[in-house]
Amino acid sequence: MNRQLVNILTALFAFFLGTNHFREAFCKDHDSRSGKHPSQTLSPSDFLDKLMGRTSGYDARIRPNFKGPPVNVTCNIFINSFGSVTETTMDYRVNIFLRQQWNDSRLAYSEYPDDSLDLDPSMLDSIWKPDLFFANEKGANFHDVTTDNKLLRISKNGKVLYSIRLTLTLSCPMDLKNFPMDVQTCTMQLESFEYTMNDLIFEWLSDGPVQVAEGLTLPQFILKEEKELGYCTKHYNTGKFTCIEVKFHLERQMGYYLIQMYIPSLLIVILSWVSFWINMDAAPARVALGITTVLTMTTQSSGSRASLPKVSYVKAIDIWMAVCLLFVFAALLEYAAVNFVSRQHKEFLRLRRRQKRQNKEEDVTRESRFNFSGYGMGHCLQVKDGTAVKATPANPLPQPPKDADAIKKKFVDRAKRIDTISRAAFPLAFLIFNIFYWITYKIIRHEDVHKK
């Protein structure tokens with residue numbers, strides 16, 4: 001009886017044991033078919049600690065592939081805004097998303113079901129990151145409203161995506177010879193600060209390396225679609241460092257400068273020509289008009305240079321302002337010439353009267369020299385063959401001067417002729433200058449810039 005009871009208990013134990021093994025096998029098979037893993041029971045915190053925490057053995061101070069091939073970091077930027085191009089300081093301001101991607105095999109995982117993990121920005125201190133900086137940066141700031149504008153994403157294969165939002169003020173050396181019809185090329189250089197090319201290499205993303213927000217406009221420039229991508233590897237005493245760059249081509253719009261500089265100065269020049277139609281006797285009016293236009297043109301020229309740097313070469317706007325000032329000043333000098341010529345008849349008559357007076361004095365002196373009336377000889381010097389010979393002056397008296405009104409009319413006509421010629425010569429000369437000016441800067445030099 002006891003042996004029979006033992007056999008029954010043994011059979012029941014074997015049955016339950018077999019059932020338990022079957023259940024475990026079934027659960028494993030079911031989990032494998034459903035994509036679940038036994039480690040799913042790990043909490044996210046435990047998983048991250050195991051992946052990059054203290055228990056993982058991950059060291060953020062050591063780059064991937066340590067003492068091996070360099071880490072290839074792929075970069076691309078998305079431009080949110082582009083503006084504040086300043087000529088005086090020669091820089092520009094831009095707001096971008098900077099995205100860097102690299103592979104860190106130490107962060108590869110297979111225990112977690114998700115293909116990628118979006119981590120909190122605070123985890124950035126726990127992983128290795130490239131030491132990227134902007135070589136031509138003059139000022140920059142991060143954004144933390146309402147939270148840090150940073151993104152960290154890790155894929156199963158160990159690929160890391162690091163995105164950050166930045167506002168940068170970058171240096172942009174400008175050539176202002178054609179200002180304000182110029183095309184500027186501004187660069188953005190991304191360089192490694194610590195790691196040489198033996199450890200780190202930057203590359204542009206093959207698909208869409210530089211993206212621009214839709215509808216992005218600049219107040220004074222047109223941002224051209226073509227952007228030059230290239231390498232700018234730097235050689236220092238400390239080694240050779242990786243560097244990539246993008247060049248933005250900015251074409252200046254002339255609308256503002258036409259309204260503020262070109263059209264006002266053109267009108268001032270035309271206003272100075274009104275003097276040619278004012279009577280030459282109206283000296284106060286013509287002088288006041290000439291001086292006013294000269295001073296206004298000088299102020300306009302100074303204002304055009306106020307917002308520009310002090311460069312050693314001549315700009316297109318400088319040539320325009322200088323020629324306009326020259327035309328205005330020439331119009332003032334033209335009236336000085338007209339006034340001088342119109343008053344020359346007075347000087348001419350004054351010289352005639354002086355010459356006549358001098359001639360009379362000479363005649364009187366000459367007559368008194370040969371007058372012997374005190375000795376009863378009168379005007380007779382000698383008698384030859386019964387004929388008395390009178391003393392005659394050596395130089396005959398000059399012809400009587402022309403009528404004063406005729407002389408005045410002659411000089412006034414000359415002055416009027418100067419005004420008449422100026423009415424046509426000044427506009428014609430200014431028109432010729434405009435033709436050469438606009439052809440040179442809008443066509444010839446513009447094409448040269450595009451060829452470069």
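Note: Cβ is positioned from N, Cα and C throughout, glycine not excepted.
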Membrane-side pairing of Tyr313 with Ile444, Swiss-Prot annotation: yes
Cysteine from Cys186, Cys232 that Swiss-Prot links to Cys243 by a disulfide bond: Cys232
Among Asn72, Asn371, residue that the record in Swiss-Prot marks as N-linked glycosylation site: Asn72
Additional site residue, His235, His249 [criterion: listed by Swiss-Prot with Glu226, Glu228 for Zn(2+)]: His249
Per Swiss-Prot, the disulfide partner of Cys172, chosen from Cys75, Cys186: Cys186
One of Arg99, Arg106, Arg252, Arg286 listed by Swiss-Prot as binding glycine 1 at the site of Ser163, Thr238: Arg99
Thr238 (glycine 3 binding site) - helix vs strand vs coil (DSSP): coil
Same chain, 6+ residues apart, C-beta under 8 Å of the C-beta of Asn103 (N-linked glycosylation site), given in sequence order: Pro64, Val71, Asn72, Asn157, Gly158, Lys159, Val160
Secondary structure of Glu194 (site 'Important for glycine and strychnine binding') (DSSP, helix/strand/coil): coil
Nonlocal neighbours by CB distance (under 8 Å) for Cys232 (disulfide bond), same chain, sequence gap 6 or more: Ala135, Gln189, Glu191, Cys243, Ile244, Glu245
Position of peak Cβ density within 10 Å, selected from the recorded positions Asn72, Thr238: Asn72
